[in-house]
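Trainee: What follows is a single structure, and I will ask about it in a moment.
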Amino acid sequence: MKAGAVESGEISKGAPPRKGLIRGLSIMDFILRIVAAIATLGSALGMGTTRQTLPFSTQFVKFRAVFSDVPTFVFFVTSNSIVCGYLVLSLVLSFFHIVRSAAVKSRVLQVFLDTVMYGLLTTGASAATAIVYEAHYGNSNTNWFPFCRQYNHFCKQISGSLIGSFIAVVLFIILILMSAISISKH
């Protein structure tokens, strides 16, 4: 038997994980957090500034649509704002992981918090998507008529704000997977 060979039943203690891989994942984590923060901020601002008044409003009756008229849209703006704030604050921890790539406990905490924020972001985006779908297509079973034919600008803006939120959802999945890989390499 060769001197360097491993017998069956023995555990090989190969070379420790390269710091370059973990550091590269940490740098990518930092960049993805910035992109996700921009996406959630854009979604919150896009939905939060949505309003339209129809041109045939009278002096006493105004036909207008505002995001705050729908509680689901308020939840969407709130959840995106909370997640954006978290992402900005987590940049400090992400930078710490670039400097100290051997930190494991803080990575576990970050994976836990990322998962919580992923859940919050997904619920806000999914709930808003259901309402946007109803606004575009209505529901004939409940006699809810689509109102996007009248409020065209309003519907375009609320539909567009969903895009940034779902981009952030995908980025959170990538962030969680990258953090898990980073932890497993220690």
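The backbone N, Cα and C atoms fix where each Cβ goes, glycine too.
Okay, so Swiss-Prot annotates it like this:
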TOPO_DOM  1-26  topological domain 'Cytoplasmic'
TOPO_DOM  48-72  topological domain 'Extracellular'
TOPO_DOM  94-110  topological domain 'Cytoplasmic'
TOPO_DOM  132-162  topological domain 'Extracellular'
TRANSMEM  27-47  transmembrane segment
TRANSMEM  73-93  transmembrane segment
TRANSMEM  111-131  transmembrane segment
TRANSMEM  163-183  transmembrane segment
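Are these features on the surface or tucked inside, and what touches them?
Mentor: The average per-residue pLDDT of the prediction over the topological domain 'Extracellular' (48-72) is 74, rounded to a whole number.
Long-range contacts of the topological domain 'Extracellular' (132-162) within the same chain: residues 42-44, 46-47, 49-52, 54, 63, 65, 67, 73, 76, 125, each at least 6 residues beyond the stretch ends and with a Cβ under 8 Å from a Cβ of the stretch.
Note on the transmembrane segment (73-93): residues 30, 33-34, 36-37, 40-41, 43-44, 47-48, 50, 67, 106, 109-110, 113-114, 117, 120-121, 123-125, 127-128, 131, 158, 161, 165, 168 of its chain, located 6 or more positions outside it, place their CB under 8 angstroms from a CB of the stretch.
Counting only same-chain residues 6+ beyond the ends of the transmembrane segment (111-131), those with a CB under 8 A from a CB of the stretch are 40, 47, 70, 72-73, 75-76, 78-80, 82-83, 86-87, 90, 158, 161-162, 165-166, 168-169, 172-173, 175-176, 179-180, 183.
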Trainee: Reported in the order helix, strand, coil, what are the DSSP residue counts of the topological domain 'Extracellular' (132-162)?
Mentor: 17 helix, 2 strand, 12 coil
Trainee: How many helix, strand and coil residues does the topological domain 'Cytoplasmic' (94-110) contain under DSSP?
Mentor: 12 helix, 0 strand, 5 coil
Trainee: In terms of Cβ proximity under 8 Å, which residues at least six beyond the ends of the topological domain 'Cytoplasmic' (94-110) contact it?
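Mentor: Sequence-distant neighbours of the topological domain 'Cytoplasmic' (94-110): 19, 22-23, 26-27, 29-30, 33, 179, 182-183, 186.
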